[in-house]
Amino acid sequence: MELFFQKYQGTGNDFVILDNRDERYNGLTIEQVRFLCNRRFGIGADGLMLLNNANGYDFEMKYYNADGRESTMCGNGGRCLVKFAYNIGLKKDKYNFIAIDGPHEAEIDDDGIVSLKMKDVDAVKDYHSDFILDTGSPHYIKLTHNVWDYEVYKKGKEIRYSNTFAKDGINVNFVEQKNNDEIIVRTYERGVEDETLSCGTGVTASALVCYHNERGFNDVTVLTRGGKLTVEFDRTDDDTYRNIWLCGPAEKVFEGSVQLKG
Ligand SMILES: N[C@H](CCC[C@H](N)C(=O)O)C(=O)O
């Protein structure tokens, strides 16, 4: 089968995207997704997404990690999928799509920055001296210093495969507070099983932990190896998080076709 794809990246987190409104790509196998994401034998990406039709929404987002398995929400992926939708002719002032963690709003501003509304977060759990929360995907947050020199792969893999997390996996974020409203985040990503240049749900989780305004509106700048993102949110009276928006660039890199075996 010949497969037509577009390749996108959002602050260096990169994705193969397929228009599946005619359902021609239903039933992709784990092996086929792994091949498409393989950086030597395939196209190469951190993940793959299908844009599907969905009643009552502009589209449905289905996300697969580079290991070939369907996974939970991808923040950078969601932002890239909105830019893809715009580029294939689904042009809206405000997008409403459905993903595995529920409905999402999104907007593209005049500078091409894509803002994605993330799910509400009701709990940040303490874990030893670190933090665990779910922003659409599960995240482990470790605050540290000199994060640009940190052994992200080694230490991230240790936590991800530790007894507590080995079964379901978890994304591991190493976070440095640069200024009151600016942090640096590096992430070992589940399902990629390596550091990615940025991780949208991880950046979001890190920003929520590093709030600068205990009550009310927060606007956190997040520096990653792949570029800059901002996370805006309200911290409520009962220490929950609402109106969470992940904002940043999302660009088409190239498009093409590939012969898919099997
Ligand atoms: N690898 C993650 C999903 C993608 C997260 C990341 N790419 C993002 O932008 O949120 C997981 O399996 O939990």
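Including glycine, each Cβ sits where the backbone N, Cα and C put it.
From the candidate list Asn65, Asn179, Asn180, the residue TrEMBL records in the substrate site shared with Asn13, Gly75, Asn76, Asn171, Glu189, Arg190, Gly200, Thr201 is Asn65.
The Cβ of Cys74 has fewer other Cβ atoms within 10 Å than any other of the active-site residues Cys74, Cys199. Counting in whole angstrom, Asn13 (substrate binding site) lies 10 from Cys74 (active site, proton donor) by their C-alpha atoms. Secondary structure at Thr201 (substrate binding site), taken from DSSP and collapsed to helix, strand or coil, is helix.
Put simply, Cys199 (active site, proton acceptor) is 7 Å from Gly75 (substrate binding site) when counted between their Cα atoms. Under 8 Å, Cβ to Cβ, and six or more positions away along its own chain, Thr201 (substrate binding site) finds Thr72, Met73, Cys74, Gly75, Met118, Thr135, Gly136, Ser137, His139, Asn171. Separating the Cα atoms of Arg190 (substrate binding site) and Cys199 (active site, proton acceptor) is a whole-number distance of 10 Å.
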